[in-house]
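Colleague: Below is one structure. I have some questions about it.
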Amino acid sequence: MFVFLALITLTTCLQIPLNPTIDDFYNPPKDLETSQLGDVLKWRKMPFPVTSMFVNLPISNAWQISVRSQDTLNNSLAIVATILEPPNGDKNKLISHQAFENSPLLSCSPSYSMQVPSFETFQIQADLIFISGLLSQGWYVVVPDYEGPNSVFPVGRQSAYSVLDSIRGTIKFFNSTGNSTVKTALLGYSYGAVASLWASIVQPNYAPELELVGAAVGCTIPNITAFIEKVDEGPYSGLIVNIFNGLANEYRHFRDRLIHFGALQPLGCLFPICRKFFFQKMIGGVYDAQVLTDETIKETIEINNLLSTRAVPQIPVFLFHSKFNEMSPFLEILKLEKLWCSQLGVNLEIAEDMSYNHMVEAFSGMPAAITWIEKRWNNSTLGGCKHVHRLSNFEYPGIAPFLSQYFRSSLQMVLNNNRYFNNTTR
């Protein structure tokens with residue numbers, strides 16, 4: 001009790017929100033089991049302002065909701081999501097933005113990180129640049145903690161359940177009956193893209209009542225093993241630790257087997273863990289060289305691969321990806337395109353460009369994604385599969401000049417902010 005009180009006192013003195021690990025709002029209520037999927041269990045005004053180290057956000061109101069969801073074994077969970085209201089916003093247009101948390105630790109979750117600008121929360125701070133662009137369109141935004149209370153990065157189906165139940169909860173928050181004319185678009189980058197696509201795949205059976213107009217995603221990861229092999233011995237080697245730790249959080253058999261291939265590594269947010277393992281050899285170094293060929297490890301990874309499921313999105317998908325992405329191999333995108341487009345009813349547009357790295361690709365593709373979503377609100381006709389090559393996705397037709405300028409200048413600002421990126425090389 002003394003330690004708990006001391007932590008609360010310290011948090012109050014420093015004027016930062018309570019860490020989710022000691023914040024009772026993140027704990028499920030006693031009536032969790034009697035609630036329905038998507039029910040709002042608790043809600044509150046955002047304890048502290050949403051704060052970005054890069055941009056000002058056009059926010060009129062911000063709330064956090066706790067929503068009933070479930071894990072991959074259908075066990076009940078309480079998921080926290082953040083709802084952001086823009087000035088003069090249109091409540092009938094909702095973006096579910098899946099942040100690229102990429103971390104197996106609750107204190108890295110978007111609901112907390114967007115209130116605490118720091119090196120530890122840098123990935124969510126960068127994502128707030130994109131969220132600001134969405135709010136400037138007059139769209140409501142919900143940002144789910146889709147990894148859940150156990151931080152199960154990168155578990156596909158639980159991510160999907162959390163996303164869909166957070167949308168349900170947001171609609172119920174504004175309309176207690178849950179019946180509304182709200183149109184929702186899914187948006188995400190990096191693993192946020194994977195969560196968005198899994199949500200689009202399971203939605204017809206899991207949440208058929210939701211009116212999803214489409215999913216706009218960038219740099220998705222169709223094959224986790226190929227991703228691991230690509231980032232190993234590079235600046236983002238630490239992501240391999242986060243992937244293994246996140247899967248271990250969800251699957252006990254995976255955790256028990258992983259120990260045979262190396263000691264369990266510390267939990268951490270994306271950038272601190274990448275700094276710790278900067279350019280280290282992970283497979284055949286930190287972990288035994290045979291870790292990816294072990295049947296338990298391999299099977300657990302495969303069930304979370306987009307390429308391992310025959311189910312396909314039943315809503316239109318816009319996917320932007322650089323041919324030169326240094327983290328998610330473009331060959332895997334082509335495999336996904338072939339798999340999906342071989343099936344009837346798939347509506348997929350791929351915007352391929354020549355952005356020279358993962359971060360630049362995010363900024364060049366996001367204005368195209370927003371432009372594509374704007375057309376989806378208006379039910380513009382789409383059909384079949386389309387794959388277009390461009391030098392840069394800044395050249396995507398119809399992008400508003402102010403939107404292009406906002407993302408170009410934001411990219412330059414992030415590149416110039418060396419005091420954060422330099423941390424990864426120390």
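Using N, Cα and C of the backbone, Cβ positions are placed for all residues, glycine too.
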Colleague: Could you pull the disulfide partner of C269 out of C108, C385, going by Swiss-Prot?
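Modeller: Swiss-Prot lists the disulfide between C269 and C108.
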Colleague: What is the disulfide partner of C341 among C274, C385, as given in Swiss-Prot?
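Modeller: Its disulfide partner, as Swiss-Prot records it, is C385.
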Colleague: Just name the most isolated of the recorded positions N175, N223, C269, N378, going by other Cβ atoms within 10 Å of its Cβ.
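Modeller: Checked N175, N223, C269, N378; of these recorded positions, fewest Cβ neighbours within 10 Å: N378.
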Colleague: Just give me the nearest neighbour of N378 (N-linked glycosylation site) among the recorded positions N74, C108, N175, N223, H358, Cα to Cα.
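Modeller: Comparing Cα positions, the candidate nearest N378 (N-linked glycosylation site) turns out to be N175.
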Colleague: Just the number: how many Å between the Cα atoms of H358 (active site, charge relay system) and C108 (disulfide bond)?
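Modeller: The separation of the Cα atoms works out to 21 Å.
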